[in-house]
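*Asks:* Encoded as structure tokens, here's the structure I'll be asking about.
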Amino acid sequence: MSFILAPSLLSANFLHLEEEIEILNGSMADRLHLDIMDGVFVPNISIGLQQVKHLSRISFKPLDAHLMIVEPQKFIGLFRDFGIQTLTIHYETCTHLHKIIMQIKENGMKVGVALNPHTPIEVLTDVLEELDRVLILSVNPGFGGQKFIPNSYSKVSRLKNLINKKELNTSIEVDGGIDIKTGKMMLEAGANILVVGSFIFEAKNPIEMIKQMKGL
Ligand code: DX5
Ligand code: ZN
């Protein structure tokens, strides 16, 4: 099946980020997924702007930033300057979602909106036309290595139906607890972008695991 594989750097070794990115540069990964957390919206803190700036200079893969932060609108210009290609914000953090979506597009980036496991897909009905992708969280965001929430399967297939009904070609990205088995399920349900963290970085040979996943 043709799909996009985006390893999430969250599970990489942060003491050796340069080496980890070089590994990904030489792999079959399609993009690189950066998780940005603020300790407010999610109970964890990940990488900061200074790290994004430096790693964006050495990554050969296009960069996606998944912003798990309150007031994401404050950082749009900075992420644009770092060369981020797709900026994904959380529905739950945006009072004026439509306005922020348009600001991201005006800044020349692709735009995604992420939904927490409890947030129904219908909240995006009136902005779907404006989106390049919808990110379905298949765990509660904040940490790598959590257990996949099975309801995500029907959520993705309902979203796929809504996208088809509206005759759009919005991408569906899934993030959280993705491995060979759950990844295959999600692709069958209609997803076309898989974000994979611990399953790749905790594998004995991440390059081989990426290759194996690309063969799904
Ligand atoms: C969770 C993050 C994910 C995380 C996924 O809050 O959004 O991108 O890195 O990690 P795994 O694949 O280990 O669930
Ligand atoms: Zn993520």
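Heads up, the Cβ atoms here are built off N, Cα and C, so glycines get one too.
Note: TrEMBL annotation is automatic and uncurated.
As the structure is a computational prediction, the values presented were derived from the model and not from experiment.
Reproduced below are the annotations present in TrEMBL:
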ACT_SITE  D35  active site, proton acceptor
ACT_SITE  D175  active site, proton donor
BINDING   S8, H66, G142, F143, G144, G145, D175, G176, G177, G197, S198  substrate binding site
BINDING   H33, D35, H66, D175  divalent metal cation binding site
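Could you place the listed features in the three-dimensional structure?
*Replies:* The Cβ of D35 (active site, proton acceptor) has 24 neighbouring Cβ atoms from other residues within 10 Å, across all protein chains displayed. According to DSSP, D35 (active site, proton acceptor) sits within a strand segment.
In the shown protein chains, 27 other C-beta atoms lie within 10 A of the C-beta of D175 (active site, proton donor).
In three-state terms derived from DSSP, D175 (active site, proton donor) belongs to an extended strand segment.
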*Asks:* Sorted by position, what residues of the same chain at least six away from H33 (divalent metal cation binding site) have a C-beta under 8 A from it?
*Replies:* A6, P7, S8, L9, D64, H66, D175, V195, G197
*Asks:* If you measure from the CA of D35 (active site, proton acceptor) out to 10 Å, which binding-site residues from the list G142, G177, S198 are inside that radius?
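*Replies:* Final answer, ordered: G142.
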*Asks:* Could you tell me which of the recorded positions D35, H66, G142, D175, G177 have their C-beta within a distance under 6 angstroms of some atom of ligand 2?
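*Replies:* The recorded positions passing the 6 Å Cβ test are D35, H66, D175.
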*Asks:* In sequence order, which residues at least six apart in the same chain have a CB under 8 Å from the CB of G177 (substrate binding site)?
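*Replies:* Within the chain, G177 (substrate binding site) has Cβ neighbours under 8 Å at S138, V139, Q146, K147, F148, I149.
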